[in-house]
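Asks: Quick one: structure below, then a few questions.
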Amino acid sequence: MAASTMALSSSSLAGQAMKLAPSTPELGVGRVSMRKTAPKTVSSGSPWYGPDRVKYLGPFSGEAPSYLTGEFHGLSADPETFAKNRELEVIHSRWAMLGALGCVFPELLARNGVKFGEAVWFKAGSQIFSEGGLDYLGNPSLIHAQSILAIWATQVILMGAVEGYRIAGGPLGEVTDPIYPGGSFDPLGLADDPEALAELKVKELKNGRLAMFSMFGFFVQAIVTGKGPLENLADHLADPVNNNAWAYATKLCPGK
């Protein structure tokens, strides 16, 4: 009987795939199903986090107030005053760029073996008060200066003539822009292209502002350390812990 039943079962299942296990495992009378659930986003409940966080406090918004234009208050309110301040800024920027180069370049040459007298910028001019006077570039046959009054008068005459020429617009008064007069003041023709000139104006102003800050730093270094900018830089690189602005500031505190 059992043998015949197994034979019938085998014949009836011939050619069919046998299902050895149910698709869903059964434990007792219940079913266990495996589901893949996505993690739920849990809100922190804090107003300082998330995409909807508070970015500005109080009545402020993401837009800057109309009166914040990046300029000092009141200095650009009057167009004439602004034009005058811009002219002064550009002129001081140019002098600062020349001065910064004059402070660094002689010291750089001296550190590389070039001998031309005193290389530190604030010590070079004081040589005129010495007994032998001041030799330009360390060469007595070039310019041998012994009178500070003569140097002052010469500088006033030369600089005054150039500045007067610039402000007056040249000998014929044809120059309309005293800051960028062009002509003889632009021998390379950099102002021929208006777009290039506009870009150069911005670069000149940015580099000039940096040079003015650099000159201020050179002044402070000379007063505090009594050394030139490159010597101060070398000392800082050799011992950053003991040669920095904070270390010198603490030495100047009362009671030190």
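Note: Cβ is positioned from N, Cα and C throughout, glycine not excepted.
These numbers come from a predicted model, not from an experiment.
Feature table excerpt (Swiss-Prot):
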| type | residues | note |
| --- | --- | --- |
| TRANSIT | 1-34 | transit peptide |
| MOD_RES | Arg35 | N2-acetylarginine |
| MOD_RES | Thr37 | phosphothreonine |
| BINDING | Tyr56 | chlorophyll b 1 binding site |
| BINDING | Ser76, Glu89, Arg209 | chlorophyll a 1 binding site |
| TRANSMEM | 90-110 | transmembrane segment |
| BINDING | His92 | chlorophyll a 2 binding site |
| BINDING | Arg94, Ile143, Leu172 | chlorophyll b 2 binding site |
| BINDING | Gln127, Leu137, Glu204 | chlorophyll a 3 binding site |
| TRANSMEM | 142-162 | transmembrane segment |
| BINDING | Ser147, Glu163 | chlorophyll b 3 binding site |
| BINDING | Gln155, Arg166 | chlorophyll b 4 binding site |
| BINDING | Gln155 | chlorophyll b 5 binding site |
| BINDING | Lys203, Gln221 | chlorophyll a 5 binding site |
| BINDING | Asn207 | chlorophyll a 4 binding site |
| TRANSMEM | 210-230 | transmembrane segment |
| BINDING | His236, Ala245 | chlorophyll a 6 binding site |
Asks: Near Gln221 (chlorophyll a 5 binding site), meaning Cα within 10 Å, which of His92, Glu163, Arg166, Glu204, Asn207, Ala245 (binding-site residues)?
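Replies: So the list reads Ala245.
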Asks: Nearest of the binding-site residues to Glu163 (chlorophyll b 3 binding site) by CA-CA distance, picking from Tyr56, His92, Ala245?
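Replies: So, spelling it out, the nearest of the binding-site residues is His92.
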Asks: Tell me the Cβ contacts of the residue listed as 'chlorophyll a 2 binding site' under 8 Å, same chain only and six or more apart in sequence, or just say none.
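Replies: When sequence neighbours closer than 6 are ignored, the residue listed as 'chlorophyll a 2 binding site' has Gly208, Met212 within Cβ distance under 8 Å.
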Asks: I want to verify one value. Collapsing DSSP to three states, which class is Glu163 (chlorophyll b 3 binding site)?
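Replies: For Glu163 (chlorophyll b 3 binding site) - judged by DSSP and reduced to three states - the answer is helix.
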Asks: What whole-number Å value do you get for the CA-CA distance of Lys203 (chlorophyll a 5 binding site) and His236 (chlorophyll a 6 binding site)?
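Replies: That comes out at 30 Å between the alpha carbons.
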Asks: Among all protein chains shown, how many Cβ atoms are found within 10 Å of the Cβ of Glu89 (chlorophyll a 1 binding site), not counting that one?
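Replies: For Glu89 (chlorophyll a 1 binding site), the 10 Å Cβ neighbour count is 15.
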Asks: Can you tell me how far the Cα of His236 (chlorophyll a 6 binding site) sits from the Cα of Glu204 (chlorophyll a 3 binding site), in Å?
Replies: 30
